[in-house]
Amino acid sequence: MSPKTVFKKIIDREIPADIVYEDADCIAFKDINPQAPVHIIVIPKKEIPNIEALQEEDAELIGRCFLAMQTIATQLGLSQGYRVVLNNGRDAGQEVMHLHFHMLAGRQFGWPPG
Ligand code: 5GP
C-alpha cells in the first residue's frame, strides 16, 4: 500500500488542519502556505490522485466539490470573486497526489497566470 498523503492524514485527523467545511463527501481547510489572503484547499474525501484517475462514478462527487466551494464562498463572504485552481501533474506543479482544488481570494489575480 502506498503511504498516506498529507491530505488523507488531514481527513483521518492524523495531522491538524484549519477545517472550514466538511460534509460526507468533501472537506476543505486553509492552505498551510497561503498564496493569497484567502487560500482554501477543497478535496473529495475519496482518494483520487489526479484527473487521469477519475472514473465515471466520480462525476457527482466532483460536482459536490463545486457545491462545497459555493457554500464556502458564501460563508467566507467572497462576493468579489475567487480563483479556483487545480494543479494536475508535474508540469502544473502538483505536489500532493490527492485531487484538490485551490480557492484563492482577497486580492487581484492576473490572466494569463504565470
Ligand atoms: P499542489 O501544488 O499539489 O496543487 O498544492 C498542494 C498544496 O497543499 C500547497 O499549496 C501546500 O501549501 C498545501 N499543503 C501541503 N501540505 C499541507 C499540510 O500539511 N496542511 C495544509 N493545510 N496544506 C498543505
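Placement of Cβ uses the backbone N, Cα and C atoms for every residue, glycine included.
Remember, TrEMBL labels are computer predictions, not curated facts.
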Tell me which of 73-77, 88-92, 98-102, 108-112 corresponds to the motif 'Histidine triad motif' entry in TrEMBL. 98-102
Using a Cβ cut-off under 8 Å and a sequence separation of 6 or more, which residues in the same chain sit near His100 (active site, tele-AMP-histidine intermediate)? Phe7, Ile41, Val42, Ile43, Leu86
